Structures are given as structure tokens and as C-alpha cells.
């Protein structure tokens, strides 16, 4: 949309100015925000203290959720008064909504200083500097990826758990989804660079890593070297290779696509001790007709067959899902098919959404949009069914011993003084702590009660292992990962070479 930036931002262009990044949306946005924070601090900005108005506010936005535009512009409206009271304050808007709306952001909110998209995260410091110098808004949206996010520095949010992108973009054409048009076609990182980033995090105390992509099990479809043939076993190889990294205790991934989910991935999950017994597998609908209209290239029978295979190899796996209610043309019969699949699948939990038209998607133009009242009724019925199943599945764990990675989200309430942690299968557990239990430490507890969305362990702590991540949390420190260069092709997967203190591989370079 605009010319490529020619000037280079000075290393200390932030000159001690404070910043805050506010994130809306998915895990991909959360990870992108870590990159934005790393970029700003690399340019001299410092995080704003709690309760202090920052000099720069960056909104990393979502265009998928219902009313995402109203939420953004409503928030920007509130920011105008704050900016009027703080001369020199800058507001930047990035992410999927910025990629979609472009100049419209400034037209609707003229007090915004910078608009940047999903393909040019690295432009943010320069755009802030240029806007301040020129005293006008800078809007820069690229139609294709400028640089892989892995070449940007990152300031991690957590001392004990980290995101690592395996790819960006998506090659699917789901009729309800706007993500491919905003993030582009899938592009995959070299496995050697993924392993180097995982190893760098582990060396700084991180014990849990989640591999992240719009469709992680399609990994290997589009490396930078287009002459290389696709390797359909690339993701399972990556899981096994990550599992060989010493010190990595928990490995997760999100999200796979049922059409691409193969037996070699199930085998890698079952045979790699670090891989957690958890699978998030989006269903979207249990109706084959609706799945066809959604352009989801699988049917309910195949979906359930995958779950059977996973449970055969990993009997105690916790399986979660995404479901959309009220897709255009969905009949009561279609919805009943979804309820039937949910009953058979026995998900430990489900993220359920009421369909909302997203401008620019084929589904938004479809006939037979389902009335809002009907969608609400079906949503409540689905929710009630899944709540029952979730509680039934959780109650099966009463009396079992669970290993928890303690979380940093404080105590559950003042009366019980419970802390929270995640079991290896991803379930949330509220437990009664004993002694100096820190976020990032590992405890074992016995489950004493259950509810649909969490487990309770009020019998004390059976064991407590202090960790380096706990030490980092106590010091108020989080890992940082330095830029990883862009490389070509897909080398054979092996354990990563030793990394420098900054987290870069000593000899490799890769793509994200």
C-alpha cells in the first residue's frame, strides 16, 4: 500500500519513552505482541509501570471475534481523552483489524498515529519515529510478508511457558474465516531454527513450549525453497526432535486440522515423553452438510475416527475442540448432528462460538442466515451438553495424583487461598499451596473435587520441585530471544547446535 521504508530506526529511537502493548484475539496475536515488545525495547523504549499512562500504546487487534471492530473503535474513542491530557502520547494500531481496515482506522480515529499490518511488524519503531517527526499519521500495510517474525527480537510474557511459531499464514479456504486474507498463505520455518528457539527458551528456564501455527500439522507445505518437495511427516519429526531437547518437560501444539492429521503424528505424540497428553482438534460442526458449506475437507466420521486412534495410543488424552453454532443454512437436524458428535467425542472442554458474519468471507454472503434467537437457543443447548460432559470427565479424575505447572495468575480467592496450575493434559487445577510455591514450580497434588471447567485439590501438596523458572519468576525476569536469520529450505531434523547467550543458533538461519 505504501513504499517500503528507506530510513533505518536508530537503536535508541525510543529514548526511554514508555510503552504498553494491548492484545486482542488469539495465541498468534499474543506471540506477535511478544515480538512487538521486544522490538520496542530493542529501540530504547521501556515498559510502562502499572498505573502510569504510557507514552506509546500499541493495540494488537483481532478481526475474527464478533464485534471486534466495535470493540477496537470504542476503545480508541476512550483513548482520545487520555491522549488529549498527555501531549506527545502516540497510539499505534496493528494486527488483523489494521490489516483489514487500513486507512479506515485513521479516518474513524484521526488521533491514531500509526497503523501497521500483520506482514510488517518490524516497521513499528520506524513508523512511530516518522509520525512524531512529520506530525501526521503513518499508515503502512503490506500485502505480503515483509520479514518472518522470527527475525525480530522477542520479550516473553512468561518465565515458565513459551510460544514458538512453526509457520505463519494458512492455505485453507474455510468460508467463515478471514484469517488467510489477513495473514496470507502458509510459510514454514526451517526446523533447525525452530529447535534452536526452543532450546534457547529452555536454557533460560522455560519448561513448557507450545508450537504455534494456523494449521500446525500441515507444517512442511511451503518452505522458502519452493523446489523442495513437501514432507508429510515433517511435523511428527519436529515433535520427536523437540522431545530430545534436554530440559524441555512439556510440549504442546495448536492448532491442527483434522484433514491433515496423520497416524505418524499420533505415534510421535504417544512415543515422545515430553509431548503432553492433550489434543485441541477443531470440529466446527458435526453436520457433514455444514462442514461441506464451510469448506472443511473432512466429515464427522473421519473426525471421530481420529479421536479413536488418539485414545487407543494415548488412553488418558484430554481432547478439546472449537464449535461454531448457527452457520448459514444450519437446520435443527444439522445442529442435532453436532450434539450427537459432541456426545460421542466426550471432549474435556469446548470453545463454542455463535456464528457472526465477517465481511469479506464467502459465508457472509450466503443465504439462509440463521436468526439470532435460534442461534442463541442452540448455543445454550450445546453449552449445557458440553458442561455436563466436562464435569463427568473431570469427576473421573477425583482421587488421582496430578503433576501441575504452577501458574502466575495469583490466588483463586481470599477465602481459600488456593493457587492455580495446569496438569500435563492441560486441565486447570486449583490447589491449596504449602510453603513457598512459586509460578513455574512443579507440584504434585491429589484431586479432591471437580467442576466443569476446573479441578480442585484441597489435600495439600504431595511434592514440590523448585525450578529455574520459579527462580526467574521470583526475580521478576522473563526470557528474551534474539533475532533468528532467514534461511532457505528444509535441512534434516536433528538436535540443534549450541546457542549463544542471546539464543541464536551459532551456524543456522531459518524462516517463520
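Glycine too: its Cβ is placed from the backbone N, Cα and C atoms.
Copied from Swiss-Prot, the annotated features are:
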DOMAIN    17-133  domain 'MTTase N-terminal'
BINDING   26, 62, 96  [4Fe-4S] cluster 1 binding site
DOMAIN    156-392  domain 'Radical SAM core'
BINDING   170, 174, 177  [4Fe-4S] cluster 2 binding site
DOMAIN    395-461  domain 'TRAM'
REGION    473-512  region 'Disordered'
Notebook entry, point to check: Mind checking how the domain 'MTTase N-terminal' (17-133) divides into helix, strand and coil residues in DSSP?
Noted result: 57 helix, 23 strand, 37 coil
Next item on the list: Tell me whether residue 170 ([4Fe-4S] cluster 2 binding site) sits in a helix, a strand or coil according to DSSP.
Entry: coil
Notebook entry, point to check: What's the CA-CA gap between residue 174 ([4Fe-4S] cluster 2 binding site) and residue 26 ([4Fe-4S] cluster 1 binding site) in angstrom, rounded?
Noted result: 17
Notebook entry, point to check: So what pLDDT does the domain 'TRAM' (395-461) average out to?
Noted result: 92
Checklist line | Nearest-integer angstrom distance between the alpha carbons (Cα) of residue 96 ([4Fe-4S] cluster 1 binding site) and residue 177 ([4Fe-4S] cluster 2 binding site) | finding: 12
Notebook entry, point to check: What is the interatomic distance between the Cα atoms of residue 62 ([4Fe-4S] cluster 1 binding site) and residue 177 ([4Fe-4S] cluster 2 binding site), given in whole Å?
Noted result: 12
Notebook entry, point to check: If you draw a 10 Å sphere around the Cβ of residue 96 ([4Fe-4S] cluster 1 binding site), how many other Cβ atoms fall inside it, taking every protein chain shown into account?
Noted result: 27
Notebook entry, point to check: With a radius of 8 angstroms around the mean position of the C-beta atoms of 170, 174, 177, what other residues of the same chain does the [4Fe-4S] cluster 2 site pick up?
Noted result: 172, 173, 176, 178, 179, 180, 214
Item checked: C-alpha spacing of residue 26 ([4Fe-4S] cluster 1 binding site) relative to residue 170 ([4Fe-4S] cluster 2 binding site), in angstrom -> 15
Check: What's the CA to CA span in angstrom from residue 177 ([4Fe-4S] cluster 2 binding site) over to residue 26 ([4Fe-4S] cluster 1 binding site)?
Finding: 13
Check: Non-local Cβ contacts of residue 26 ([4Fe-4S] cluster 1 binding site) (under 8 Å, 6 or more apart, same chain)?
Finding: 62, 64
Notebook entry, point to check: Would you list the DSSP helix, strand and coil counts for the residues of the domain 'TRAM' (395-461)?
Noted result: 1 helix, 26 strand, 40 coil
Note to self: With every protein chain in view, what's the tally of Cβ atoms within 10 Å of the Cβ of residue 62 ([4Fe-4S] cluster 1 binding site), excluding that atom itself?
What the structure shows: 20
